[in-house]
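Asks: Below are the features I grabbed from Swiss-Prot:
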| type | residues | note |
| --- | --- | --- |
| BINDING | 10-32 | NAD(+) binding site |
| BINDING | SER141 | substrate binding site |
| ACT_SITE | TYR155 | active site, proton acceptor |
Amino acid sequence: MGKLTGKTALITGALQGIGEGIARTFARHGANLILLDISPEIEKLADELCGRGHRCTAVVADVRDPASVAAAIKRAKEKEGRIDILVNNAGVCRLGSFLDMSDDDRDFHIDINIKGVWNVTKAVLPEMIARKDGRIVMMSSVTGDMVADPGETAYALTKAAIVGLTKSLAVEYAQSGIRVNAICPGYVRTPMAESIARQSNPEDPESVLTEMAKAIPMRRLADPLEVGELAAFLASDESSYLTGTQNVIDGGSTLPETVSVGI
């Protein structure tokens, strides 16, 4: 029996990248899945997982819109019955210098990376409180709260905010049986990382990914499935005494003082 057998997990931004990795990992550990994404293509992933014998429901919603989120969750619960686990994974990153970034681009990050998490959590949490049981996994980043790169001010702002939200919710709802923990990935080989590489060097994005890997002590980017395993641990009873934590999964990238000094 898998560590998530009998549990139903709602995963946002589940179509690709880390979200897809979490979905596939949770399915392997026995969870019933509700896959939420803004793209109707999420139906294809749900169909694939169902075809492999997993229980899976796809819902299309825009996390920026509370009404859209509420309607999607209502549809999902009509089929799945309840939500035991929430993974707030949906997020975006657009590069741009602080002075050149438009208010629209700033708000694009805030609306999805902060307000989207707020909206989904607010829609799911009351049911968890009523049952006095729930696990919430927040997708933050090493960027923002620990390190920063030029051109990622808006992204860093929002991911640091998720750490604060994680800790606040963990304290506020600990006695309601709710555990809230954050994952802080370094670079993961995802469409988002590839987009950052294209924005950094449109003519040779692969070289950017290569340089990313060189700066990591383990000399590679993470696989989304590796982040999925950490999320599964935080969503399972194996982490029953963990709440309000930041769980770094970065191959050691935040450890070196510099990449130019040493043996």
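Every residue, even glycine, has its Cβ placed from backbone N, Cα and C.
Each of the listed features needs to be described in terms of its position in the shown structure.
Replies: Neighbour list (ALA31 (NAD(+) binding site), Cβ cut-off 8 Å, at least 6 residues apart, same chain): GLY2, LEU4, THR5, LYS7, THR8, ALA9, ILE85, ALA235.
Taken residue by residue with DSSP, SER141 (substrate binding site) is part of neither helix nor strand, so it is coil.
Classification of TYR155 (active site, proton acceptor) by DSSP places it within a helix. Residue environment of TYR155 (active site, proton acceptor) contains 24 other Cβ atoms, counted within 10 Å of its Cβ in all protein chains.
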Asks: Using a 10 Å cut-off on CB atoms, tell me which of the binding-site residues LEU10, ILE22 is the least crowded.
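Replies: It is LEU10 that, of the binding-site residues LEU10, ILE22, has the fewest other Cβ atoms within 10 Å.
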Asks: Which of the listed binding-site residues (GLN16, THR25, SER141) has the least company, meaning the fewest other Cβ atoms within 10 Å of its Cβ?
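Replies: Result for the binding-site residues GLN16, THR25, SER141: minimum number of other Cβ atoms within 10 Å at GLN16.
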